[in-house]
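Q: Just passing along the structure, written as structure tokens.
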């Protein structure tokens, strides 16, 4: 049984300040669209963020692929755009080391992710210490609420994130109700009977393409939302192959929102 409560209903009862804030943004903008913007220059990145900003609740970054990255030149303008357009930031870092190491990776180094990214994510392969390490780092460098997504399922062909691995990743998520806000997953992860309300964010969503030749497999917006996804993650479908980001941004925003309204019996 998938989640049928509305975003405002879930926000009211949710233990995570970050999740409450995200639900509020989603409701106010009528958007459950996350734009995945993987480009190589700060200029192109910021231009796409500014163009897509009105249509999204979340922007997903791989900040380490930007060749001319700097905190001052890349992150500070990104934060201003997040304020201008009212969206949150999700750095898709996919942490996968022991707690002490990820603590340093998250808070320090060249990227200082915990100082600017509202949400990040992690694999469960090293056990529950990864959650503790990331939570400690967040509390030490930021006064703003932070949230963690666990990688329970992936959209790529041949992914090993399934079965017992997925189950044990869910068990890791249960160790921290405040910091772990949900999953990167292809399906609903349950937990409501135990008092958990996890946000499900789903990559590999496309209105047109079925794959990319490199293992990515696309599913339709209506399919993933009906299956329990709360936020659809779209990348090249928004700005690749000569597409108009404004047109595609509104197209995906509308499709995602209508699928949510249908799942929650609002239409």
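Keep in mind that glycine also has a Cβ here, set from the backbone N, Cα and C atoms.
The active site, proton donor annotation in Swiss-Prot covers 94 and rests on sequence analysis. The annotation substrate binding site is assigned in Swiss-Prot to 38, 60-62, 92-101, 218, 236.
So that I understand the layout, could you describe where these features sit and how close they are to other parts?
A: Cβ environment of residue 94 (active site, proton donor): 121, 122, 123, 151 lie under 8 Å away, each six or more residues apart in the same chain.
The secondary structure of residue 61 (substrate binding site), as reduced to three states from DSSP, is extended strand. For residue 61 (substrate binding site), the Cβ neighbour count at a 10 Å cut-off comes to 26, with all displayed protein chains included.
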Q: According to DSSP, which of helix, strand or coil covers residue 100 (substrate binding site)?
A: helix
Q: Find, among the binding-site residues listed as 96, 98, the one whose Cβ has the highest number of other Cβ atoms within 10 Å in the structure shown.
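A: Its Cβ has the most other Cβ atoms within 10 Å: 96.
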Q: Within a 10 Å radius of its Cβ, which of these binding-site residues (38, 92, 100, 218) has the fewest neighbouring Cβ atoms?
A: 100
